[in-house]
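Feature list (source: TrEMBL):
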DOMAIN    37-181  domain 'Alpha/beta hydrolase fold-3'
DOMAIN    239-298  domain 'Alpha/beta hydrolase fold-3'
Amino acid sequence: LPACSNSKLCIKDLHFDEVPVRIYLPRAPSASKRRGVIFFHGGCGMFGSIRSYERICQYIARKSDSVVVSVGYHLSPEHNYPAQPLDCLTATAHFLKTAENYGVDPDRIIVCGDSAGGTFTASVCQQLVNRQDIPKICAQVLIYPFLQALNFSLPSHQKNAFTAFLTRERAVHFILKYLKKDCSMKEAVLAGSHVPESMNLKYRKWINPDLIPEIFKLSYKAPLPTLFLPHVHEETKELFETRFSPLLAEDAVVCHLPDTCMITCEHDVLRDDGLLYKRRLEDNNVKVTWYHMEKGFH
């Protein structure tokens, strides 16, 4: 569908290296180069579109007087993972290189996304850490992001297991559908049977309910030990890639990430992903601004 008209914005549909984007440019003249916002929509990598996030992107462009680029990455299952994060990376690199063509200061560009879009935001920022050929991302905004697929028994998973829209079971179902895996493995993944003990031990320093503030652990019960299933692990190895689970990135990467705005919601199975990543960023001396929506849900 065509873009909605807006008297305060010039809206164009373009392609950044074959990735569809919609760019929102404020019409009012500016005395200096504007800020830029790259936006990745949510939808588990299978749903959502530039069009469905039209009002949000227009609002951001108007209220912040920024040039907003909404990225229409190709969706699964028509396009196999990792097409989605790769599209986001491609579009971001293109905009960083060509920002001045759109009246944008290349040193004042942030990346932003909600849910799976938050995953892509975290992934893109990690992958750009060592790039020397393009400007650095100024900041990242993670709106209730999905950040790890090792542990689905954290306090927020238990508390919000049956919360409307995104239940604990549905979250794992969507993950397997997104990766085009057999959904009969859902129960095994929910139980943690896809993770070998060596991997649990390695990442316990980052993914651990002990790292969650006590106020968020009311009624939490430690899960029972589960049997490791090697065939499930082999079938779901993508879950352990840092572009799929950015929380697993090494400190050598995390310490170079840009300033971060983290938004979490109380009634959200993914709440603790955000809390754990917030802690990791802070432990690596990355400046974090955190907003927690006590009545919010995914």
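Please read every residue number as a count from 1 along the shown chain.
Every residue, even glycine, has its Cβ placed from backbone N, Cα and C.
Mean pLDDT for the domain 'Alpha/beta hydrolase fold-3' (239-298) in the predicted structure: 98.
Per DSSP, the secondary structure of the domain 'Alpha/beta hydrolase fold-3' (239-298) breaks down as 22 helix, 19 strand, 19 coil. Per DSSP, the domain 'Alpha/beta hydrolase fold-3' (37-181) is made up of 62 helix, 25 strand, 58 coil.
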